[in-house]
Amino acid sequence: MLTLDIDPYTILVTSFLILAIQKLVTVIGKQKIQLYIWQIYTKYLSHSQSIKQFNLKQKEIKDLTKQQKLISAQDEYAKWTKINRALDKLKLEVQELNETIAGEKTRIDSITKLAITLILTLPIWFLRIFCRKTALLYIRKGILPAYLEWWLALPFFKSGTIGLTCWMFVVNSVLSNLIFLISFPFTQKVERPIKPKNEQKTES
């Protein structure tokens with residue numbers, strides 16, 4: 001099969017960056033990324049009138065809500081009620097517009113999901129197919145046990161050589177452990193389970 005003669009340093013850096021981005025996407029979550037892309041699309045890129053109206057009405061709701069919080073319902077009841085009715089009307093209109101643009105959101109979400117998959121998987125498969133026989137690193141003979149040198153060289157190289165398969169395995173392991181160490185202090189503490197007390201048997 002065809003292989004490409006690419007500089008090993010380029011392969012090392014490229015594969016590391018792609019795997020790092022994969023881990024970052026996993027940490028953030030595809031759904032959050034889709035939400036961010038949708039927000040950018042609706043705010044800056046879309047030419048849909050429904051989306052423009054949706055954004056305007058959302059802004060109106062935000063402004064009216066601020067006004068309502070500054071008014072006392074007891075002291076200025078009429079004004080407060082008027083704003084409240086306007087808010088109810090706007091929320092109903094926003095709900096209707098949201099149903100209208102739901103199809104477009106589904107389309108953008110699908111495109112975003114496909115783009116993420118292609119960006120993160122195609123380069124890796126390209127490297128695996130066309131650079132699989134490129135030696136990336138060399139280990140001085142005898143520095144490791146012979147069986148370990150042989151294992152690290154799998155599946156295409158002689159002992160003492162590190163290829164893409166081994167490099168990607170190591171990078172994935174290091175990144176996973178690094179993410180765990182960074183995120184562990186911020187994880188929610190699990191309460192220690194309380195052992196139930198055995199009910200004392202009452203003498204009959």
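Backbone N, Cα and C atoms are what each Cβ position is placed from, and that goes for glycine too.
Keep in mind it's a predicted model, so treat the numbers as computed, not measured.
Listed in Swiss-Prot:
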type	residues	note
TOPO_DOM	1-11	topological domain 'Lumenal'
TRANSMEM	12-31	transmembrane segment
TOPO_DOM	32-116	topological domain 'Cytoplasmic'
COILED	78-113	coiled coil
TRANSMEM	117-137	transmembrane segment
TOPO_DOM	138-161	topological domain 'Lumenal'
TRANSMEM	162-178	transmembrane segment
TOPO_DOM	179-204	topological domain 'Cytoplasmic'
Tally of residues which DSSP labels helix, strand or coil - the topological domain 'Lumenal' (138-161):
7 helix, 2 strand, 15 coil
Which sequence-distant residues neighbour the topological domain 'Lumenal' (138-161)? Criterion: at least 6 residues beyond either end, Cβ under 8 Å.
132
